Amino acid sequence: MTTLTVEDRATTADPADAGSAEGPVTDASLIYFSSVSDNTHRFVEKLGVRAARMPLLTKEPTLRAAQPYVLVLPTYGGITGQGAVPRQVVKFLNNQQNRSLLRGVIGAGNTNFGETYCLAADIVAAKCNVPVLYRFEVMGTSEDVDRVTRGLEEFWT
Amino acid sequence: MSEKLKLVSQVQAINWNRIQDDKDVDVWNRLVNNFWLPEKVPLSNDVQSWATLTPEEQQLTMRVFAGLTLLDTVQATVGAVSLIPDAITPHEEAVLTNIAFMESVHAKSYSSIFSTLASTKEIDEAFRWSTENVNLQRKASIVTDYYRGDDPLKRKVASTLLESFLFYSGFYLPMYWSSRAKLTNTADLIRLIIRDEAVHGYYIGYKFQRGLESATPERRQEIKDYTFELLFELYENEVQYTHDLYDSVGLAEDVKKFLHYNANKALMNLGYEAMFPSSVTDVSPAILSALSPNADENHDFFSGSGSSYVIGKAVNTEDEDWDF
């Protein structure tokens, strides 16, 4: 980065850009972000596996993964796909160890968003060279829960 | 209008620098970023394609859009506005005015499609049909009755079911034409409407859930029972409406699957479990991919046929790269 304007500095001060390593350590094999809508949270709860939720606010210290895990995340933003990955997830993945332990991504979304349906999952998967394991809508149906439960079991064996 | 208009009891200057619910800001920004007008879509490129449809197919298309116009008009002038006095935060009120305006844009955009493709006589005939079709009028009046009622949570349920369920018997047809490479610009416009309705349904459903948080268990049960009763009432009517429209072209069965698929999403927007099993929500893949190219399950590692999945080339990642 070269010269900073005042606005740039304000942006850089955003904790999402700092790969903070001070957050709680988790050995869960499923790590997820869910906004206050709790849609993704409800889906993960139904899976019945031990999972760790990222803090709601970007300014809070993020999680640190201790073992290989699968990431579940919703997509933000609109037409262009800019800002598709929630800032909290960006902050989490800025941590090199968190990135290196990532094995796969599951996306939450709504097909109504057309080309940007589950775009955040695609972006993270491409950047980290891991597969998109599954996509589900809103908070997932019982069939989604069954498929992901079975899929994860096979994936880890 | 003879009835007394219900208004917010007290108004204070809205301060966007003091936010009670971040969702209000998120959704406001999203709606503003998604703003569009029908004039941006080159509808006239569909004139040739329109001429390849049979007279029956043209009539069906006109009626579908006239029906959608009615729903968008209800949502713009009654629905979203009726939710304003129930708002929990001043910013929610502002978001609802944005939603109301956008519904008017949607309603107007069908008129843009009509004037591009059809004659005045055909347009008038479609609007006359919309006032005479019993099932269409019934669905508008069922929802409007709840908007006029005195229960804020029930109003939000009715509104979410309208945004996330009742539009889809209509949305099916432009997706169907698009999958056959017909009326593709019209389909582009409808996709913009579909995207907006998803944000509206998500937001009103979210506010419904916030409102439910402070309710007693009895009240929660009452609202849940009411939601499913209303859904069934609307569903039965929707099935008849679907037959009215689509029997002549033999598409009614696939449209019904699309209804089930979207009813599930409407319930989930309200925080309830999906109700229809996948055996009756398996909409034709061509329709799903007209909606979203990513909806094709074969892109997924778990559900695809394993071999079709190819892991992308490694991207060398530095911390600076995580600048989305």
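All residue numbers here begin at 1 and follow the chain in the order shown.
Heads up, the Cβ atoms here are built off N, Cα and C, so glycines get one too.
All annotation found in TrEMBL is predicted automatically rather than curated by experts.
Matching B:D72, B:D124, B:D145 to the Fe cation 1 binding residues that TrEMBL gives (B:E103, B:H106) identifies B:D72. Site annotation for Fe cation 2 in TrEMBL covers B:E103, B:E197, B:H200, and the matching candidate from B:E132, B:E163, B:E229, B:E233 is B:E163. Within 10 Å of the C-beta of B:Y110 (active site) there are 27 other C-beta atoms, taking all protein chains into account.
For chain A, the nearby binding-site residues by a Cβ gap under 8 A, listed in sequence order, are B:E197, drawn from B:D72, B:H106, B:E197, B:H200.
Once Cβ contacts within 10 Å are tallied over all protein chains shown, the binding-site residues B:H106, B:H200 are led by B:H200. Around B:D72 (Fe cation 1 binding site), the C-beta neighbours below 8 angstroms that are at least 6 residues distant in the chain are B:E103, B:S104, B:H106, B:A107, B:Y110, B:I193. Residues within less than 8 Å, Cβ to Cβ, of B:E163 (Fe cation 2 binding site) and separated from it by at least 6 positions along the same chain comprise B:Q75, B:E197, B:H200, B:G201, B:I204, B:A266. Over all protein chains present, the Cβ of B:E103 (Fe cation 1 binding site) has 27 other Cβ atoms lying within 10 Å.
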